[in-house]
There are 2 protein chains.
Amino acid sequence: MQGLIMPHTTSDTLLTLNVELGERSYPIHIGAGLLGDPRWLEPYLAGRQVMIVTNETVAPRYLERLRQGLSGDREIREVVLPDGEHTKTLDSVSRIWDALLDAGFNRRCTLVALGGGVIGDMAGFAAACYQRGVAFIQVPTTLLSQVDSSVGGKTGVNHPRGKNMIGAFWQPRAVLIDTDTLKTLPERELSAGLAEVIKYGLIRDAEFLTWLEAHMRELRDLDASALSEAIHRSCALKAAVVAEDETEQGVRALLNLGHTFGHAIEAHQGYGAWLHGEAVGVGMLMAAELSHRLGWLGKDDMARVSAILEAAGLPRTAPQSMATADFLDRMRLDKKNLDSKLRLILLRSLGDACVHDATPQAELDDLLETFPRG
Amino acid sequence: MQGLIMPHTTSDTLLTLNVELGERSYPIHIGAGLLGDPRWLEPYLAGRQVMIVTNETVAPRYLERLRQGLSGDREIREVVLPDGEHTKTLDSVSRIWDALLDAGFNRRCTLVALGGGVIGDMAGFAAACYQRGVAFIQVPTTLLSQVDSSVGGKTGVNHPRGKNMIGAFWQPRAVLIDTDTLKTLPERELSAGLAEVIKYGLIRDAEFLTWLEAHMRELRDLDASALSEAIHRSCALKAAVVAEDETEQGVRALLNLGHTFGHAIEAHQGYGAWLHGEAVGVGMLMAAELSHRLGWLGKDDMARVSAILEAAGLPRTAPQSMATADFLDRMRLDKKNLDSKLRLILLRSLGDACVHDATPQAELDDLLETFPRG
């Protein structure tokens with residue numbers, strides 16, 4: 001895994017990161033103004049046929065600009081899905097497959113995901129399974145999807161019984177991150193994206209955490225340079241973890257810091273009520289609190305975790321309506337619970353996460369009982 | 001790719017073939033009486049949780065015997081689907097996912113496909129996408145699935161617009177072929193399986209073709225030794241091709257001899273009306289006829305192809321109701337047509353197939369016009 005900085009004329013600072021996965025390696029290009037420039041999209045298309053997958057919110061803002069990044073002889077179609085986490089279903093993916101088949105698209109077609117994580121996950125899953133796998137390019141337009149879905153190859157949909165239960169590992173041919181798209185992102189979604197950025201600092205990079213504490217204001221003010229730096233560093237951290245462990249057998253589990261609690265919150269509240277990053281933010285605070293009770297994090301550390309979440313504009317309390325039993329029921333199905341043993345990601349120190357499968361039930365119960373609701 | 005013959009006490013001749021695919025290598029065990037013997041199933045289970053996927057025809061015959069091959073401390077569930085190609089849909093696969101989630105099965109569960117190709121394709125696809133991929137064991141109970149679906153890792157479902165349009169490449173951990181299960185197979189399905197066996201001889205092994213001409217009677221009489229030999233050789237031929245080309249970029253296309261025409265017949269008649277092997281048999285005769293017209297096969301060769309299909313009890317005429325235009329419409333969407341160019345698998349000689357993408361349209365039209373209907 002290596003990142004390199006390249007000079008470029010489109011924007012002052014274009015950053016490119018190569019995600020090294022052998023035959024499936026791909027670049028992430030990060031910068032302002034990439035979207036309408038054919039130099040960034042054209043080289044990664046598999047054939048003439050291009051299916052753009054986007055949603056009703058993103059389409060009016062960026063679909064035309066994306067089309068400008070495609071040369072005239074392409075056969076371009078699009079699927080515009082409704083917006084929101086509740087649309088992340090097998091039915092929506094079936095609509096993409098229907099559109100591909102209606103257009104007579106073959107195995108050399110390319111799917112381009114234009115939107116947030118929901119669009120990326122669905123378009124990626126559609127690509128993974130269309131004629132047993134076709135090319136796929138990610139153009140993430142939310143901070144969360146830029147720092148999270150860009151790396152890792154996870155695709156899929158939710159099931160009434162659990163998040164991301166149906167899916168596949170499928171790598172994109174390229175990821176194009178145009179930081180200009182964040183200008184139209186609601187502030188609440190920006191904060192949710194920052195939760196995942198903070199996560200990378202917490203699990204693996206104490207220095208980055210300190211950098212984030214110093215630059216949180218600039219990030220929330222959409223300073224282009226700070227954003228590019230934070231996205232690049234987040235993607236690089238994730239890419240390093242994924243390159244070590246592509247199919248999530250070991251170290252990759254650390255990326256799930258806050259996710260066991262967070263998924264429980266999302267599922268209990270109904271997908272879409274809480275943003276994923278908001279739920280993960282509270283989940284990280286719960287994991288930090290448990291780490292503190294196990295004697296790993298000091299009081300100062302806890303205060304820093306809480307303060308940076310606050311600075312990012314994130315909630316720090318669990319839903320009022322969620323009882324301890326609600327958490328436990330939802331956590332039982334979590335994918336990290338191998339053969340019914342509960343596994344949690346905890347923090348040995350700030351910047352050093354670990355997999356912990358020996359959390360005493362009483363300790364967990366007590367945390368869930370006493371963690372603040374709001 | 002290597003096959004080795006091992007002595008074994010369950011049956012006189014147990015054959016084992018190792019399909020070499022690096023990390024995804026797996027064995028195919030072939031013999032009589034494997035089904036109820038724990039030695040053949042237990043070593044390949046990923047964890048305690050086992051989901052058997054089968055259909056209403058196979059379940060009463062073999063489900064109990066399969067369960068006897070599982071030790072007492074397993075958590076065993078089953079999904080019994082309706083029988084037939086028309087059930088090979090996303091809805092059926094969703095039923096498998098629902099059953100897995102209802103049972104609270106995690107990423108360490110194992111799916112066991114007990115049945116023909118339809119069950120294998122659906123269970124394999126369900127395994128490929130459940131929590132982004134879980135373990136999978138094939139127990140094929142038809143000759144077609146034993147010689148075809150056992151090797152290659154192709155899984156998936158049909159779409160109203162085309163066969164196998166939605167799917168994934170997903171390798172089993174093991175394939176267990178109990179030749180005893182062929183005793184309850186309808187004769188028509190045995191013949192359909194023989195079509196694929198003949199295919200391996202036609203595309204790659206003239207000597208095997210001669211062996212088949214000599215042993216066709218024994219195969220149709222279910223002679224155990226002849227069956228094991230034919231299955232082993234077919235799987236070995238397919239495994240050699242797949243090992244060269246796991247994701248079907250090149251030589252693997254040869255395995256589709258007869259399939260472009262065959263798929264058109266199946267789709268036009270409605271899936272299930274013709275058995276897959278029956279359609280492929282006629283498709284191979286059409287491909288042979290076209291090869292003859294291009295000057296590659298002699299009259300004697302054509303007569304041998306026709307005679308061995310007849311000896312196997314297979315149809316040798318296309319459906320009465322299918323006009324030339326019906327074939328052309330269906331063939332247009334075929335996955336082998338990259339960027340709208342028609343590619344066919346033809347025979348340079350018996351035992352030597354090739355990919356041909358320069359068939360003159362007039363030649364193809366003439367074949368489709370004049371090929372016998374019945």
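Here the Cβ of each residue, glycine as well, is placed from N, Cα and C on the backbone.
Taken from TrEMBL, the feature NAD(+) binding site applies to B:83-88, B:117-121, B:141-142, B:Lys154, B:Lys163, B:181-184. The Cβ of B:Asp83 (NAD(+) binding site) has 18 other Cβ atoms within 10 Å, all protein chains considered.
Long-range Cβ neighbours of B:His259 (Zn(2+) binding site) (same chain, at least 6 residues apart, Cβ-Cβ under 8 Å): B:Val280, B:Gly283, B:Ile345. Secondary structure from DSSP puts B:His259 (Zn(2+) binding site) in a helix. Per TrEMBL, the feature Zn(2+) binding site maps to B:Glu196, B:His259, B:His276.
Applying DSSP to the domain '3-dehydroquinate synthase N-terminal' (B:79-191) sorts its residues as follows: 45 helix, 35 strand, 33 coil. TrEMBL lists B:79-191 with the feature domain '3-dehydroquinate synthase N-terminal'.
Annotation comment: TrEMBL describes B:193-337 as domain '3-dehydroquinate synthase C-terminal'.
Surrounding the centroid of the Cβ atoms of B:Glu196, B:His259, B:His276, where the record places Zn(2+), the chain contributes additional residues within 8 Å, namely B:Leu144, B:Asp148, B:Ala195, B:Lys199, B:Gly258, B:Gly262, B:Gly277, B:Ala279, B:Val280, B:Gly283. Counting neighbouring Cβ atoms within 10 Å of each of the binding-site residues (B:Gly117, B:Gly120), the lowest count belongs to B:Gly117. Annotation for B:Thr142 (NAD(+) binding site): spatial neighbours B:Gly115, B:Gly116, B:Gly117, B:Thr181, B:Leu182, B:Leu185, B:Glu189, B:Gly193, criterion Cβ-Cβ under 8 Å with sequence separation of six or more. Summarising the environment of B:Thr184 (NAD(+) binding site), the number of other Cβ atoms within 10 Å of its Cβ, over all protein chains shown, is 11. Cβ environment of B:Glu196 (Zn(2+) binding site): B:Leu143, B:Leu144, B:Val147, B:Asp148, B:Ser234, B:Gly277, B:Val280 lie under 8 Å away, each six or more residues apart in the same chain. Take the binding-site residues B:Thr181, B:His276: by the count of other Cβ atoms within 10 Å of each Cβ, the lowest one is B:Thr181.
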